[in-house]
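Feature annotations, courtesy of TrEMBL:
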type	residues	note
DOMAIN	38-286	domain 'Endonuclease/exonuclease/phosphatase'
BINDING	41, 72, 188, 190, 285, 286	Mg(2+) binding site
ACT_SITE	148	active site
ACT_SITE	188	active site, proton donor/acceptor
SITE	190	site 'Transition state stabilizer'
SITE	260	site 'Important for catalytic activity'
SITE	286	site 'Interaction with DNA substrate'
ACT_SITE	286	active site, proton acceptor
């Protein structure tokens, strides 16, 4: 019933154990002011909202988050207003970007009950912004970026674009923002950074999301620039996945990848109380992740 508690890694180190949110999350904060962020690649928002079971609306009731970041909404501009009317009461501020290059593709959104100070769409670079992959909101103490990083694709056709253009452009954009405030980047970053982050590292050396080039780019453009992988900092030896492919029943057997992250500027990373995964939430091939500041 809880396959994520079974360690399925093909070559685990002795100290590694499976991540279980029921036993490994700290107690909820009660008396201290805090902010809770959730991020989820929904793999089609309209389809998700039709499903029975734990919906995005029920997730709001269960997790009581302040901000929800979505990736791969697959919406068109004409769909956004109707979706807004379906949102949970109290989440009155929502910001959407849709793909203009290819309909029913990509798309990101930030839904918040806190009104941000400012909102930006894309990187401000036309070559990168036609696929609706980035929304940025500004709060009092940090910028929050919701990103859906391009997949290198079958045959690694977009690998060069990903590591030579997209990753450096996003990194440079974040460093510009960081001149005034801390930055938190969340979303499907389409990279399993280390061997602990993928169930079968040896068999996926040339698979999109785990190539040496993508992992080195992730390291150079984000981690070496001072952004902290908050889940890995909190859980250095825990095997936790956020994506399971449909094709081979990966979720049922816990043969997954960790592709979704909260990366935080060093100056705000010490305010992270919890960085966690919600593997029991279904409806997509990804599960939500959370961050409590």
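Glycine residues also receive a Cβ, built from the backbone N, Cα and C atoms like all the rest.
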For this session: Output the one of 72, 188, 260, 285 that, of all these recorded positions, has the highest number of other Cβ atoms within 10 Å of its Cβ.
Result: 188
For this session: Starting from the Cβ of residue 41 (Mg(2+) binding site), draw a 10 Å sphere and report how many other Cβ atoms land inside it.
Result: 25
Exercise. Quick one: which residues besides 41, 72, 188, 190, 285, 286 have a Cβ within 8 Å of the Mg(2+) site's Cβ centroid, in sequence order?
Worked result: 43, 71, 148, 243, 259, 260, 284
Problem set entry | Those binding-site residues, out of 72, 188, 190, 285, that come within 10 angstroms of residue 260 (site 'Important for catalytic activity') at the Cα | 188, 190
Exercise. So what's the mean pLDDT when you look at the domain 'Endonuclease/exonuclease/phosphatase' (38-286)?
Worked result: 94
Exercise. Given the residue listed as 'active site' and residue 188 (Mg(2+) binding site), what distance in Å do their CA atoms have, once rounded to a whole number?
Worked result: 5
